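A.B. asks: Have a look at this one.
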Amino acid sequence: MASIELEIGQVDFFETGGLFAAASFLKMDSVTKNSPTQESENNDLLVVKIIAMSVLSIACFLLGVLPMKLTKIISIKSVDGDKNLIISLLLCFGGGVLLFTTFIHLQPEVRESFESLERKRIIPEIGYGIPLAEIVFCFGFFFVYLIEETVHLLLDRKTHDDSLHRSLSVRRCSSKTELSIPRVNLTKFDDGTISYISTSNKELLNSQSNVEKQSHSHNHMDESLKNSFGGFLAVLALSFHAVFEGLAVGLEGSVKKVWYLFAAVATHKLVIGFCVGVELVTSKTRGLLILLYIGTFAIVTPIGIGIGILLSGKQQSEDVTSVVLQGMAAGTLLYVVFFEVLARERGNSHSGIWQLLAILCGFSVMILLQFLSEY
């Protein structure tokens with residue numbers, strides 16, 4: 001009797017094992033059949049990232065050179081308060097979009113990636129209540145801060161002219177002589193005219209004005225070329241953080257998230273591109289150099305997207321390098337929000353309530369889009 005029950009138990013056991021084996025086989029077969037779908041999704045993701053690269057670079061370049069055409073139709077010699085307010089509000093709107101993207105979208109995603117790596121024991125846990133994701137997030141912030149301060153320090157050492165020094169809203173800003181907005185100042189020249197001059201790119205504009213004052217001798221032409229090349233390097237160096245903005249887009253793993261980040265970066269990048277174009281036109285920069293500077297400024301972020309595509313294509317989505325770079329990119333966006341937008345906007349002559357409303361508007365639009373995307 002006991003042997004019969006044992007045999008029945010063995011039959012049930014083997015039947016159950018067979019069922020599990022069959023289920024496992026079917027699951028593996030299902031995964032195999034779904035692999036083309038996964039490959040199709042990866043291809044769609046790659047296409048979207050390439051579209052983001054192309055649109056961002058082309059749109060930024062076109063908006064940057066647009067003032068060259070506008071100056072032939074209307075005179076762009078000064079910018080009144082109303083126009084300053086419009087540009088300021090657009091920049092603050094973009095700041096609100098980036099603020100939402102940084103804290104609501106990127107930071108939780110980076111935290112989840114780090115927690116996944118810790119669970120798989122790919123990276124060790126720090127312990128002591130120190131969150132590794134937030135540490136990398138802040139490291140990206142301080143890294144870009146250090147790079148930009150180093151660039152400005154090196155540029156300032158090349159000249160002792162006060163006009164080359166930055167005039168940020170948080171330092172060396174005089175409300176009586178100039179109105180500071182992000183990357184842009186209103187500067188008064190000796191002839192009494194008011195021109196639209198960049199704070200972060202002031203070095204390159206001053207170097208270009210020096211070029212125009214040179215004689216036609218060979219020695220002066222050499223110095224002109226050096227100054228022009230120095231201006232090119234200034235744009236490239238001062239746009240360093242834009243590479244990490246592009247990385248944030250290039251390292252994303254879903255089509256929807258890529259579009260979110262693309263929209264967030266574009267709202268800031270395109271307005272800045274137009275401002276840089278206005279600065280160069282009003283400073284009497286030669287057309288060829290305008291194209292060079294704007295082209296450089298336009299391709300920096302797409303270069304970051306391309307680097308992100310290469311990293312995400314060759315490595316796993318939860319690779320340590322990709323996750324760390326994504327965390328640093330999120331910290332870079334935090335730097336842009338607080339230093340490129342909020343800090344400088346608080347120093348202009350307009351009522352701060354307008355900037356606050358614009359920031360809230362950008363933040364609210366992203367919340368609305370988040371709700372709509374769920375339906």
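The count begins at 1 with the first shown residue.
Quick reminder: no glycine exception, Cβ is built from N, Cα and C everywhere.
All TrEMBL annotations are machine predictions without curation.
This is the feature table in TrEMBL:
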TRANSMEM  46-66  transmembrane segment
TRANSMEM  86-106  transmembrane segment
TRANSMEM  126-147  transmembrane segment
TRANSMEM  229-251  transmembrane segment
TRANSMEM  257-281  transmembrane segment
TRANSMEM  288-311  transmembrane segment
TRANSMEM  323-342  transmembrane segment
TRANSMEM  354-372  transmembrane segment
A.B. asks: If we call contact 3 or more Cβ pairs under 8 Å (sequence gap 6 or more), are the transmembrane segment (126-147) and the transmembrane segment (288-311) touching?
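C.D. replies: Stretch pair does not touch.
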A.B. asks: Which of 46-66, 86-106, 288-311, 323-342 shares the most C-beta pairs under 8 angstroms with the transmembrane segment (354-372)?
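C.D. replies: Answer, by Cβ pair count: 86-106.
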A.B. asks: What stretch, picked from 86-106, 288-311, 323-342, has the most CB pairs under 8 A with the transmembrane segment (46-66)?
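C.D. replies: Checked against 86-106, 288-311, 323-342; highest Cβ contact count belongs to 288-311.
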